[in-house]
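Step one of this worksheet: look at the structure below.
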Amino acid sequence: MPDWYRTREDPDHKGLETTNNITSILLLGFPDLQNHKLPFFSLLVLIYCGTISGNLLIMVLYLVSKTLQSPMYFFITQLSIFDLLLTTDIVPVLLNTVLHGGSTITLSGCIIQFVFFANSVFSECLLLSFMSFDRYVAICNPLRYNAIMNHTLCVIAICIIWVMGYIGTFIYVISMCNLYFCGPNVIDHFYCDLEPILQLSCSDTSLIHIQSFIIGFFFAISPFIIIVTSYVYIVITILKIPSNTGRHKAFSTCSSHLIVVSIYYGTLIMVYIFPKRDQSLTIGKILSLIYTVLTPMLNPIIYTLRNRDFKEALNRLKLLL
């Protein structure tokens, strides 16, 4: 038996029980970029500051502007919260990893990082699907929009999204608590994702892989199906509008959301659905970098630069300051 696979005597003398032999984990990050770590570190700092500033700005504008008090902007604000949680969970550890050529994190800290990461991803997928439903009602059934997308429904939907996100991650936590981790204690990534964590375990992980497929279908694939279905009906409705001006105006109301969904789901699909053998480890890290670090910065830019209401609210805020 290998040295790293240790056992201890069961207190009840019923046999031998496997114990964890890992107390800390080394995240390698991007070892190939050590010769360029300072420029890369500086770029990440700028992206992190831009992400924090942009998402906080959206939240402040929503709170102080009466013209932004609508379901669409309420959901955009919630998206900013999820982006802030995701980037705050990932980027500080990534900065430390890049600066020092690696980062040491405890096993429990690694699992906690994955929990916050998974909760953010699950919640954001559910939120994007509900945002697509909001756009569907606004374009396909505009006369009943205010009646359907009322404040009560929006608040209930957000509460359900938060609760479901925590339920999904809680299932993972229960499963991971039943695993034994015996090494090696090195993860060739810049954050603790599910598969790299499971590779450290000497237990049977087949059950958690089945759970991962079921959870992934519920939190990622099902919302994606809802998004695609919503936009099929949206496109059909837009094509029925007789004037080019009307079609352009209708499409502009959902174009920002469509761009965000395309970037976010595009990278998720390439990382988690395409076979790992079809992409190198470096490409996988770069794709993960896009949706964990870059996308949270792009979302505020996409929604504010393409939105007249946000621009007007920003101008009014400047006058107040």
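In case you wondered, yes, glycine gets a Cβ from its N, Cα and C as well.
Listed in TrEMBL:
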- 40-64: transmembrane segment (TRANSMEM)
- 54-303: domain 'G-protein coupled receptors family 1 profile' (DOMAIN)
- 71-91: transmembrane segment (TRANSMEM)
- 111-133: transmembrane segment (TRANSMEM)
- 153-174: transmembrane segment (TRANSMEM)
- 213-239: transmembrane segment (TRANSMEM)
- 251-274: transmembrane segment (TRANSMEM)
- 286-305: transmembrane segment (TRANSMEM)
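Touching of the transmembrane segment (40-64) and the transmembrane segment (153-174) is ruled out by the presence of fewer than three CB pairs under 8 A, sequence neighbours closer than 6 excluded. As a quick check, the transmembrane segment (213-239) and the transmembrane segment (153-174) clear the bar of 3 or more Cβ pairs under 8 A, pairs 6 or more apart, so the two touch.
The average pLDDT computed for the domain 'G-protein coupled receptors family 1 profile' (54-303) is 89. Residues 71, 74-75, 78, 111, 114-115, 118-120, 122-123, 126-127, 130, 194, 208, 211-212, 215, 218-219 of the same chain lie 6+ residues outside the transmembrane segment (153-174) yet bring a C-beta within less than 8 angstroms of a C-beta in it.
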